[in-house]
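As recorded in TrEMBL:
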{"type": "COMPBIAS", "residues": "150-177", "note": "compositional bias 'Polar residues'"}
{"type": "DOMAIN", "residues": "202-330", "note": "domain 'Palmitoyltransferase DHHC'"}
{"type": "REGION", "residues": "144-180", "note": "region 'Disordered'"}
{"type": "TRANSMEM", "residues": "49-75", "note": "transmembrane segment"}
{"type": "TRANSMEM", "residues": "87-104", "note": "transmembrane segment"}
{"type": "TRANSMEM", "residues": "116-133", "note": "transmembrane segment"}
{"type": "TRANSMEM", "residues": "248-271", "note": "transmembrane segment"}
{"type": "TRANSMEM", "residues": "291-315", "note": "transmembrane segment"}
Amino acid sequence: NRWLTSRSLPPGSLERIADTVADRLRVPWFAGAVKVNVSLVPPLVLLPVLLHVAALHFLLGLVILTSLPLVVLWYYYLTHRRKERTLFFLSLGLFSLGYMYYVFLQEVVPRGHVGYSQVVVLTSGLFLMLAALSRAKKDPGYLPIPASSEKPSQQGLTNRSSRGTSNGLHGITTSGAASGRAVNGEAKSYSRMSAEEPEGVKKDWCIKCQLVRPARAGHCRLCGRCVRRLDHHCVWINSCVGEQNHQAFILALSFFMVTSVYGITLTLHTICRGQTPFVALFYCPGAYSDYSSALSFTCVWYCTIVTAGMGYILLIQLLNISYNVTEREARLALRDNTGHRLLGGLVIDTGQYNRGFLCNWGHFLSLGSAPPQRSAEDIV
């Protein structure tokens with residue numbers, strides 16, 4: 001009605017309409033209607049349509065494959081600025097894998113230039129990547145939430161310390177002097193030294209989770225939890241990357257890179273006979289001779305763009321591991337101007353945990369090998 005009468009919408013109307021549509025979008029099921037997350041739908045519908053349209057002509061493919069990454073980046077910054085969690089990127093990644101594999105079996109394999117063993121190798125790499133991704137989706141190392149989530153005041157801390165409890169604050173004794181020092185330190189900077197930790201290892205108080213974080217732990221504003229050795233929140237797995245799943249995250253990226261490059265090579269050898277894969281990407285005369293070849297060539301370019309982006313992420317991760325620095329620590333070092341840019345700015349060395357290449361990788365490979373010990377105070 002407002003559109004027909006040329007009247008402007010009141011503030012927040014579009015957001016309320018979108019929330020209502022998202023709440024009413026349900027799928028009938030045996031046990032009752034199941035609510036569908038709206039962010040899952042766009043990749044399932046738009047990706048096949050855009051790729052098929054891009055295969056109609058070279059110029060259409062150029063426009064679509066150029067604009068698609070820009071749209072994905074725009075949506076990422078939109079959700080990141082609003083601190084929203086979304087399944088869009090996870091849905092896009094998984095559906096892209098499935099659809100590329102389907103196009104490979106339907107359009108490339110029937111041409112007879114791909115052997116059975118090569119299909120088995122490609123399929124095995126895909127399943128290994130999904131297995132590593134499934135492991136990376138599990139607990140990244142969340143810190144246990146205290147039983148009481150109420151924000152303690154100075155009065156409450158003093159009273160609880162007299163009863164011998166600390167609500168996650170390690171090292172608070174029952175003496176009045178020690179309690180006063182803990183309260184004053186907490187009120188000033190929300191971080192304090194633990195009596196059980198060696199000198200120089202700082203533990204920080206998280207206001208939102210109401211607990212003391214160990215060294216290198218951080219609070220994820222998207223998940224709303226504190227994570228041990230927090231690296232970053234990855235939108236592609238819709239979860240944090242921390243102490244418990246960092247190895248699986250690197251393994252999933254590595255399997256993806258190997259499998260994707262192998263699939264791209266097989267496809268280009270099939271539709272661009274007699275040319276090297278790199279040359280065939282930019283010059284393949286028979287690519288648009290028929291629709292099947294055009295679709296395969298378009299999917300190759302789509303895979304190449306995605307692989308280049310994931311390759312950059314993997315490169316940054318490997319460099320950070322080599323210098324024993326996390327993405328969170330690098331951002332904080334840049335903000336506080338305490339880090340050193342190395343390798344053209346690809347890595348930020350804080351110098352705090354760097355113990356050399358071999359020791360750094362040994363530390364990374366041992367992450368999560370022994371679960372953190374819980375103190376008697378945590379159990380109580």
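Cβ from N, Cα, C; glycine included.
Nobody curates TrEMBL annotations by hand; they come from automatic prediction.
Model confidence over the domain 'Palmitoyltransferase DHHC' (202-330) is summarised by a mean pLDDT of 92.
Sequence-distant contacts of the transmembrane segment (248-271), counting only residues of its own chain at least 6 positions beyond either end whose CB sits under 8 Å from a CB of the stretch, comprise 100, 104, 108, 111, 113-114, 118, 121-122, 125-126, 128-129, 132-133, 135-136, 138, 234, 237, 241, 277, 280-281, 284, 286-287, 293, 296-297, 299-300, 303-304, 306-307, 310-311, 313-314, 317-318, 321. Taking Cβ pairs closer than 8 Å, the transmembrane segment (49-75) reaches residues 88-89, 92, 99, 288, 291, 294-295, 297-299, 301-302, 305, 309 in its own chain, all 6 or more past its ends. The DSSP breakdown of the domain 'Palmitoyltransferase DHHC' (202-330) into helical (H, G, I), extended (E, B) and coil residues amounts to 68 helix, 20 strand, 41 coil. Panel annotation: around the transmembrane segment (291-315), residues 51-52, 54-56, 61, 65, 68-69, 96, 100, 103-104, 107-108, 250, 253-254, 256-257, 260-261, 263-264, 267-268, 270-271, 281, 284, 346 of the same chain, lying at least six beyond its termini, place a Cβ under 8 Å from a Cβ of the stretch.
Away from its own ends, the transmembrane segment (116-133) comes close to residues 97, 101, 104-105, 109, 237, 248-249, 251-252, 255-256, 258-259, 262-263, 266 of its chain (Cβ-Cβ under 8 Å, at least six residues beyond either end).
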